[in-house]
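Below is one structure, written out as structure tokens; the observations come after it.
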């Protein structure tokens, strides 16, 4: 007898649908497939997808957020320095991995897809900002001086993402540490 | 009688071919058209394209470089501060313009196109690095302390490009100045 945890079927459907989206994005690009294509590939009914996600944009945002939250969870090491180094190392590792550039290109495709993609993109950015803000607020609550979310985006995410997207390696742990060193050397921005 | 400057026809062919590439990239995406498609749209013979550019990758690199050099020329104002502010303002303005995101997406498509795009991407990055290095070397020759090309990429280009690509505005002149302030506040990287 196979014991299944509650929600097992639901989790399997979700995984199959996410996998289908990822494959279709890689094969055709965003905007070139429908909910029906996703459902067919995942082996589920169209109505299951609509009921759970509403539409393709919501589904795509869910795929991106899930991937990022799993591969680059926002750390809680007890110090801002530790959190930022762990976070930066994760960002670098994932951007350098097989799925990283594909996910970045997906977000870019959403941003370029006009209104249809705008909501998914907003949702993704808002959720990611919320996760980072939690980490920075924890640091402030401990009495540490912390940068803004925009600083983390500009000084850690942006250099890593641009190197990944433009194929300007190497993406190494050393790069992650250098970026954090530079950011922490200039808290609050600008010359101090 | 129409007076034509020497090279007039050649310049017109080049402009028509560049225009055709830009349109085909926008319509189909990189990797979805051939030299023959470009030639047909530009109204020139295939052989003219091959003779002048060699192949589609060389041609695409030429299109990207030409666009960047025209829209964001490397400035020579007499001071590093002035050069960087002019350069950053140009980068922001172009990334915010109608063609900017399309050109960025083209470079990304080249980076993702495996070996076929790798040469074009290398050529583009090498040329752009060369232009930036010239600007920074001029500053050093005047006795100014100057950052490395990688610093300019990480601290000015990357934040602007990521904001443009992910649709995280606003891209303003104030952003350009903030990025330069932050970079010049930390010469040589890291805590000082």
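Placement of Cβ uses the backbone N, Cα and C atoms for every residue, glycine included.
All annotation found in TrEMBL is predicted automatically rather than curated by experts.
According to TrEMBL, the feature DNA-binding region maps to residues B:34-53, out of the candidate ranges B:14-33, B:34-53. Taken through DSSP, the DNA-binding region (B:34-53) splits into 16 helix, 0 strand, 4 coil. Across the DNA-binding region (B:34-53), the model assigns an average pLDDT of 95.
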